[in-house]
Amino acid sequence: MLRLPTVFRQMRPVSRVLAPHLTRAYAKDVKFGADARALMLQGVDLLADAVAVTMGPKGRTVIIEQSWGSPKVTKDGVTVAKSIDLKDKYKNIGAKLVQDVANNTNEEAGDGTTTATVLARSIAKEGFEKISKGANPVEIRRGVMLAVDAVIAELKKQSKPVTTPEEIAQVATISANGDKEIGNIISDAMKKVGRKGVITVKDGKTLNDELEIIEGMKFDRGYISPYFINTSKGQKCEFQDAYVLLSEKKISSIQSIVPALEIANAHRKPLVIIAEDVDGEALSTLVLNRLKVGLQVVAVKAPGFGDNRKNQLKDMAIATGGAVFGEEGLTLNLEDVQPHDLGKVGEVIVTKDDAMLLKGKGDKAQIEKRIQEIIEQLDVTTSEYEKEKLNERLAKLSDGVAVLKVGGTSDVEVNEKKDRVTDALNATRAAVEEGIVLGGGCALLRCIPALDSLTPANEDQKIGIEIIKRTLKIPAMTIAKNAGVEGSLIVEKIMQSSSEVGYDAMAGDFVNMVEKGIIDPTKVVRTALLDAAGVASLLTTAEVVVTEIPKEEKDPGMGAMGGMGGGMGGGMF
């Protein structure tokens, strides 16, 4: 009989054979100094070259293979950056760090990702070069950040607020690669729903772009039964000046809604019932009365699920001046309904797919209070899904929703255009937030003289400031290069011209950028520079890079299979 220690001694080697990953992780590959930096820089260059071709009005598109469906055609910098994954792990680390720059800029400003990428490449490249000659990377980073702070302060001085719809259209047009139609449609949308209104972008069903304004509270639930239809045209139910009964619970008994029907009848008003569901006896009686005596009523399921449904019903109650029955903490019963418990709306339109409550008669102060509550929730939530739902609710309570429907002849065309529309929309919002500066890379060029007055603490910090001076020329040079002209000559000529003169790459001429409407949002330029400098200067301080060496998989069990086959053969003979 074996003792326990002997058994354990026999088991230990077995566990190592069966589960090597439990005892040891992947092996690592380590590179130091110039070797590591050179490989990372190759990755940075590859990504930046791919992104840079999209810059400016004469920038080209990039075609990206997708794991499913047609290839994606895009001129959006962040989409190109995200698609790049390099085989060499050291090159990939460099590429991924610059990819982060594009992502951060996109999340914060919604545009300017190409500018951020070319700026990051320039700072990293120059930084690596100086470090190889013995400069101190930490002091270079300090010099870079010192210069960036000075540039941002100068950008704020140059910035002008956006005041007219024309300026909004100009910002959107530039960001949409010179497409005036997109610029005008975004300007119209902002005019109609307000500068802080919700604007969403969707695939259209036609060849042309369309703008749909949804005012009031629209939600994606239609009538429960088609027998509620009261218009022959359009298969919908329409009422003017109606009462609204809101319930969190299912309504099955007709007795529970008779009091509400009597109130509506006494006041000669139609009744809209919005509940978790209306079924059984309640639904059949409503339909029967609708058909026999022309009862003006429609039943609709409440939108959303769980907490989202509760919140939307509460929003409807506040917007219409009613109450929600079945709400936790309230002792309201449907049988005890009073006229002041019913919401009031000027117009109701219900189709088989959606319902719209227009001109709600809710108390303005209560609506404003509810809007503030939603804004506060927006500030603290981190979930993208939650933010989307809160924004939708906010729009329904405030100025309504503008839907931009992007048209085109194929999915590929619509998707490419949708990228540009989204960029243009983000740029426009950024411009409204922080104002505008000269476009075409000119704003950064006009900041170069401000760096002359800086006093660095040492020579290495001075090198960092010089790196930023040269980097600020890169966006204008890239735009010129993509237009087929010599970038350095264009930059020199802009620097010698008056403050508002820049290069119009589309026309191939030097023009007054403000008069021509070639402008950029201050927030986009500021964010692009700040994100690029932060990541790229940190990249230059790296001395060691550690990557994993993937474990080579051995052929699983082919030998055993062969043995098994032999055994079977032997058994059969």
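Numbering starts at 1 and runs along the chain as it is shown here.
Any Cβ shown, glycine's included, is placed from N, Cα and C.
There are 27 other Cβ atoms within 10 Å of the Cβ belonging to GLY440 (ATP binding site). Taken from Swiss-Prot, the feature ATP binding site covers LYS75, ASP111, GLY112, THR113, THR114, THR115, GLY440, ASP520, and the record attributes it to experimental evidence.
What Swiss-Prot records for LYS551 is SUMO2 cross-link. According to its DSSP assignment, LYS551 (SUMO2 cross-link) is coil.
Listed in sequence order, the residues of the same chain lying 6 or more apart from LYS87 (N6-acetyllysine) and placing their CB within less than 8 Å of its CB: none are present. Residues annotated as N6-acetyllysine in Swiss-Prot: LYS87 (among others).
Marked as N6-acetyllysine by Swiss-Prot on the basis of similarity to another entry: LYS133 (among others). In the three-state DSSP assignment, the secondary structure recorded for LYS133 (N6-acetyllysine) is coil. Taking the Cβ of LYS133 (N6-acetyllysine) as reference, no residue of its chain lies under 8 Å away while being at least six apart in sequence.
Here Swiss-Prot flags LYS202 (among others) as N6-succinyllysine, drawing on similarity to another entry. Neighbours of LYS202 (N6-succinyllysine), defined as other CB atoms within 10 A of its CB across all chains, total 14.
With a cut-off of 8 Å between CB atoms and residues at least 6 apart in sequence, the same chain places ASP354, ALA355, MET356, LEU357, LYS396, VAL401 near LYS218 (N6-succinyllysine), listed in sequence order. The annotation N6-succinyllysine is assigned in Swiss-Prot to LYS218 (among others).
When Cβ atoms from all protein chains are considered, those within 10 Å of LYS236 (N6-acetyllysine) total 22, not counting its own. Sequence annotations record features per position, and here Swiss-Prot assigns N6-acetyllysine to LYS236 (among others).
The N6-succinyllysine feature in Swiss-Prot is assigned to LYS236 (among others).
DSSP gives LYS269 (N6-acetyllysine) a coil state; it is part of no helix or strand. LYS269 (N6-acetyllysine) is surrounded by 18 other CB atoms, counting those within 10 A of its CB over all protein chains shown. The annotation N6-acetyllysine is assigned in Swiss-Prot to LYS269 (among others) on the grounds of a large-scale study or a structure entry.
Around the Cβ of LYS301 (N6-succinyllysine), a 10 Å sphere holds 19 further Cβ atoms from the protein chains shown. In the three-state DSSP scheme, LYS301 (N6-succinyllysine) is classed as strand. Here Swiss-Prot flags LYS301 (among others) as N6-succinyllysine.
The N6-acetyllysine annotation in Swiss-Prot covers LYS314 (among others). LYS314 (N6-acetyllysine) is surrounded by 17 other CB atoms, counting those within 10 A of its CB over all protein chains shown.
In three-state terms derived from DSSP, LYS359 (N6-acetyllysine) belongs to an extended strand segment. Taking Cβ-Cβ distances under 8 Å and a sequence gap of 6 or more within the same chain, the neighbours of LYS359 (N6-acetyllysine) are GLY216, VAL345, GLY346, GLU347. For LYS359 (among others), the entry in Swiss-Prot reads N6-acetyllysine, with the evidence type a large-scale study or a structure entry.
Secondary structure from DSSP puts LYS389 (N6-acetyllysine) in a helix. Neighbours of LYS389 (N6-acetyllysine), defined as other CB atoms within 10 A of its CB across all chains, total 19. Feature annotation from Swiss-Prot assigns N6-acetyllysine to LYS389 (among others).
Annotation source Swiss-Prot lists N6-succinyllysine at LYS481 (among others), citing similarity to another entry. Sequence-distant contacts of LYS481 (N6-succinyllysine), defined by Cβ-Cβ distance under 8 angstroms and a gap of at least six in the same chain, are GLY487.
The feature transit peptide is assigned by Swiss-Prot to 1-26, with experimental evidence given as support.
Fewest other C-beta atoms within 10 angstroms, among the recorded positions LYS75, LYS551, are seen around LYS551. By the criterion of other Cβ atoms within 10 Å of the residue's own Cβ, the least surrounded of the binding-site residues ASP111, ASP520 is ASP520. In three-state terms derived from DSSP, LYS75 (ATP binding site) belongs to neither a helical nor a strand segment and is classed as coil. Counting Cβ atoms from all protein chains shown, THR114 (ATP binding site) has 29 others lying within 10 Å of its own Cβ.
Its Cβ placed at the centre, THR113 (ATP binding site) has 30 other Cβ atoms within 10 Å. Of the candidate recorded positions, LYS314, LYS389, LYS551, the one lying closest to THR113 (ATP binding site) when CA atoms are compared is LYS389. For THR115 (ATP binding site), the same-chain residues that are 6 or more apart in sequence and have a Cβ closer than 8 Å to its Cβ are MET55, GLY77, THR105, GLY441, PRO475, VAL524, VAL525, ALA528, ALA532.
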